[in-house]
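See structure below.
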Amino acid sequence: MHQHQSRAKMPSVFAYQSSEVDWCESNFQHSELVAEFYNTFSNVFFLIFGPLMMFLMHPYAQKRTWAVYGVSVLFMVIGLFSMYFHMTLSFVGQLLDEISILWLLASSYSVWMPRCYFPKFIKGSRYYFSCFVILTTVISTFLTFVKPTINAYALNSIAIHIVYIVHQEYKKTSNGDLRHLIEMSVILWAAALTSWISDRVLCSFWQRIHFFYLHSIWHVLISLTFPYGIVTMALVDAKYEMPGETLKVHYWPRDSWFIGLPYVEVQDNDKSC
């Protein structure tokens, strides 16, 4: 049985409309000010990896696009809004969390989607594609208020399209670095999604064995997926948009370590496609 404490105990400062979405972790178990302790503070990885990726991807940003900074800032904003949501379990917090994810996906589409996957009516123009994505995102932002409980499922469904694009690029390439990044991105995302779904669907089981951390694990895994996803998109994009340059993948803090954050070094060459 779901052992949540009543939200009536929420301090008066947070006494506004509650979200219909509640996660498996017991509410206000560790603090009267923080509804879901582990779900709240597991978002700290967003605030660590965001600035770190901005630093590591600086050479790429100089060569290709400064938008990588904007995407990283949106990633940190997601972490802050997710903290606020899980701390308060408020309806406003839920919407801020979900809308920030929507805009992160939209900005990534606008910057890195290969032109060969643009809709035919766009005719290969990244400017018009970006306008189309922004318009769609604005409409979707308003739709998030219609049925908030399905927003998270809709956002995760967008990942199916991203997986399709990644699968197509995986089949095309013989680049070992890119194939490894794609494999790791998919594994991390699949593990994260499994944690998210398990928390929603099997909560009574996790409650019985006193393991309430599946959504926290989602936060950690999806924050790790971000660096791999960013570098994967950069490598795919470089094949189409930076034909005269080579992107060499490195891992922070050391290439030799078993686990590290990927980033790219831009190397000039004289080859043309």
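Each Cβ is built from the backbone N, Cα and C atoms, and glycine gets one as well.
In TrEMBL, annotation is done automatically, which means it is predicted and not curated.
According to TrEMBL, the Ca(2+) binding site annotation covers D22, W23, E25, N27, E36.
Annotated Zn(2+) binding site per TrEMBL: H86, H215, H219, in sequence order.
Long-range neighbours of the transmembrane segment (37-56) within the same chain, counting only residues 6 or more positions beyond its ends whose Cβ lies under 8 Å from a Cβ of the stretch, are 23, 25, 29-31, 68-69, 72-73, 75-76, 78-80, 82-83, 86-87, 212-213, 215-217, 219-220, 223-224, 226-227, 230, 252, 261, 263. Annotation comment: TrEMBL describes 37-56 (among others) as transmembrane segment.
Counting same-chain residues at least six beyond the ends of the transmembrane segment (68-87), those with a Cβ under 8 angstroms from any Cβ of the stretch are 19, 23, 33-36, 39-41, 43-47, 49-51, 53-54, 57, 60-61, 93-94, 96-97, 100-101, 103-104, 107-108, 111, 219, 223, 226, 230, 234. Per TrEMBL, transmembrane segment is recorded for 68-87 (among others).
According to TrEMBL, the transmembrane segment annotation covers 99-118 (among others).
Counting residues 6+ beyond its ends, the transmembrane segment (127-144) has Cβ neighbours under 8 Å at 95, 98-99, 102-103, 106, 109-110, 113, 115, 118-119, 151 in the same chain. Taken from TrEMBL, the feature transmembrane segment applies to 127-144 (among others).
As annotated by TrEMBL, transmembrane segment applies to 178-197 (among others).
Per TrEMBL, the feature transmembrane segment maps to 217-236 (among others).
Annotation for the binding-site residues D22, E25, E36: lowest Cβ count within 10 Å of the residue's own Cβ, D22. Within the same chain, the residues at least 6 positions away from H215 (Zn(2+) binding site) whose Cβ sits under 8 Å from its Cβ are W23, C24, E25, E36, N39, S42, S195, W196, D199, listed in sequence order.
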